[in-house]
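Copied from Swiss-Prot, the annotated features are:
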type	residues	note
TRANSMEM	56-73	transmembrane segment
TRANSMEM	87-107	transmembrane segment
MOD_RES	Thr111	phosphothreonine
TRANSMEM	112-132	transmembrane segment
TRANSMEM	152-172	transmembrane segment
TRANSMEM	197-217	transmembrane segment
TRANSMEM	220-240	transmembrane segment
TRANSMEM	337-357	transmembrane segment
TRANSMEM	381-401	transmembrane segment
TRANSMEM	422-442	transmembrane segment
TRANSMEM	465-485	transmembrane segment
TRANSMEM	500-520	transmembrane segment
TRANSMEM	548-568	transmembrane segment
Amino acid sequence: MEHNKVDTEPQDSYDDQQKWVLDSSTDSRGEIPLRAQTGAWRAALFIIGIEFSERLSYFGISTNLVVYLTTILHQDLKMAVKNTNYWSGVTTLMPLLGGFVADAYLGRYGTVLLATTIYLMGLILLTLSWFIPGLKACHEDMCVEPRKAHEIAFFIAIYLISIGTGGHKPSLESFGADQFEDGHPEERKMKMSYFNWWNAGLCAGILTAVTVIVYIEDRIGWGVASIILTIVMATSFFIFRIGKPFYRYRAPSGSPLTPMLQVFVAAIAKRNLPCPSDSSLLHELTNEEYTKGRLLSSSKNLKFLDKAAVIEDRNENTKAEKQSPWRLATVTKVEEVKLLINMIPIWFFTLAFGVCATQSSTLFIKQAIIMDRHITGTSFIVPPASLFSLIALSIIITVTIYEKLLVPLLRRATGNERGISILQRIGVGMVFSLFAMIIAALIEKKRLDYAKEHHMNKTMTLSAIWLAPQFLVLGVADAFTLVGLQEYFYDQVPDSMRSLGIAFYLSVLGAASFVNNLLITVSDHLAEEISGKGWFGKDLNSSRLDRFYWMLAALTAANICCFVIVAMRYTYKTVQPSLAVVADGGDDVETATGTNNTSKFT
């Protein structure tokens, strides 16, 4: 009888794993979620839906922002590009604050609600700036200088949208990923697809923004476009709230900075103690005692920090668990600090890619403005920002081919369930960004030569179709690197910091926007010092964007070499198995397997 009880225990554990979600998440009532009623794609679709509307609004504004600044606010090229980069930089750095608030205090769902409300406030103010008489851009339809009140209202509105995006982006994407349990084999595979399809939905929003919304802004009016964006965001917010019973929630875990500081203090305090060669002698909780995420295995890098987990006196009656966390840390806490330190070089060497990516919404669009955008045989003129749709289409096509064709083939060839490692995917995209800059330099040189041949005649311009290759190739780069960065930072950060993980990925683009401004200023100044003429004039025909693109290509090539070296030395995190159950065939199956802890870049 006892023998039968032992035999059934593994099966009972397996049945519980299939019925319940055992990853410390809760349902809308605060209870352990039922797998069949919560999470997975039934919840993720609501989340992807509101992301569609957020990207619709963001790109409806950002891709046409340089046009707005030069035509409505009458700023010159350099000032318009810099203001666009400043706004983009702030917008993509704000998620660091939003992710911190989500992980530490409000939770991801609560942060999404607050951020979306602020986002809507920005959209409403943007709409009012076009319809309230005192806030309108001009007294008449034609004016040389816009009202100061309109300019102030406009910038307040778009920076409110920045704040909203700061809470929305990291919380929503990580909240969507939380709907898939890492410890469940089927849901873990779904999560790998989730990031690809998240970006497909995101690109659908971008595609609609740069075609429909941009056309409305150019041909009907910015005010009408703002009304549409506000209505779409409000509607999707309402639908997102309807999905509340289907979501899985994670409670905020408090400030992540305190445990990190505790590890450093403990390691310094015990710097003179020997570190045991056997990592099992270091202090760690059991799976049953640890309720906030998963336990991590000890790694061989940054061994100095392991001293924080050294137990000073094993003969003491006081249990190690009751010692001050400022004196004794767990292996998991130590490894979480190591993870964040190891991410710094990866983050830094992806900035060059971010600089290349920022060109698509600034200089690429400005090029399109002065080129022939007529559709052959018709009088229809394509709005310049609509060329950004080529990037969205390229991402959708590339992600689909990668997910449906390349991953199955690569999975069989490499044995990696992702097909290739995350860092390999990022590296491939960086190579495509290099190609995009080379193509952009060649096309811009051709455009300048064409303009000189026709004596800068504004009626004789090169067709904008020549810009298609640089947009398309940059889209392929985004499909590999941006999606890879999302997955990398979400997967490799500590479980309690996953909103911040998404913020780290976005901060690459934010920091790159400021780096781009610095490069514009420095390169323009140096060119003027050397040759007497800068690379950025009042308009494109008096500028030398081709040389700027060549400079970016050279920097990207050097950066790729550095990235490969860092990636080859990178150590992925390893998660301890939390439960072993018996599968149908009788083999042991780990329900929380860790990523291989050796670099898989090569």
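Count begins at 1; order follows the chain as displayed.
A Cβ is built for glycine as well, from the same backbone N, Cα and C atoms used for every other residue.
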Practice prompt. Return the residues near the residue listed as 'phosphothreonine', defined as same-chain residues 6+ apart in sequence whose C-beta is under 8 angstroms from its C-beta, sorted by sequence, else 'none'.
Written response: Gly98, Val101, Ala102, Gly167, Ser171, Ser499
Item to complete: Please give the sequence-distant neighbours of the transmembrane segment (220-240): residues at least 6 beyond its ends with Cβ less than 8 Å from one of its Cβ atoms.
Response: 46-47, 49-50, 52-54, 56-57, 60-61, 68, 72, 112, 116, 119-120, 123-124, 126-127, 130-131, 213
Worksheet item: To the transmembrane segment (465-485), which of 197-217, 337-357, 548-568 is linked by the most Cβ pairs under 8 Å?
Response: 337-357
Worksheet item: Taking contact to mean three or more C-beta pairs under 8 angstroms, with sequence separation of 6 or more, is the transmembrane segment (152-172) in contact with the transmembrane segment (381-401)?
Response: no
Worksheet entry | the transmembrane segment (197-217) in contact with the transmembrane segment (56-73), cutoff 8 A, at least 3 CB pairs, sep 6+ | yes
Fill in: Secondary structure of Thr111 (phosphothreonine) (DSSP, helix/strand/coil)
helix
Discussion item. Short question: most Cβ pairs under 8 Å with the transmembrane segment (381-401), which of 56-73, 337-357, 422-442, 548-568?
Written reply: 56-73
Discussion item. Checking distant contacts: for the transmembrane segment (548-568), what same-chain residues at least six beyond its ends satisfy Cβ-Cβ under 8 A?
Written reply: 345-346, 349-353, 355-356, 359, 363, 423-424, 426-427, 430-431, 433-434, 437-438, 440-441, 444, 519-520, 523, 535-536, 599, 601-602
Discussion item. For the transmembrane segment (500-520), I need the partner stretch with the highest count of C-beta pairs below 8 angstroms, choosing only from 56-73, 112-132, 337-357, 422-442.
Written reply: 337-357
Worksheet, complete the sentence: Tertiary contacts of the transmembrane segment (56-73), defined by C-beta under 8 angstroms and 6+ residue spacing from its ends, are 79-81, 83-84, 87-88, 91, 119, 123, 126, 137, 146, 151, 154, 158, 161, 165, 205-206, 208-210, 213-214, 217-218, 222, 225, 229, 232-233, 361-362, 365-366, 369, 383-385, 388
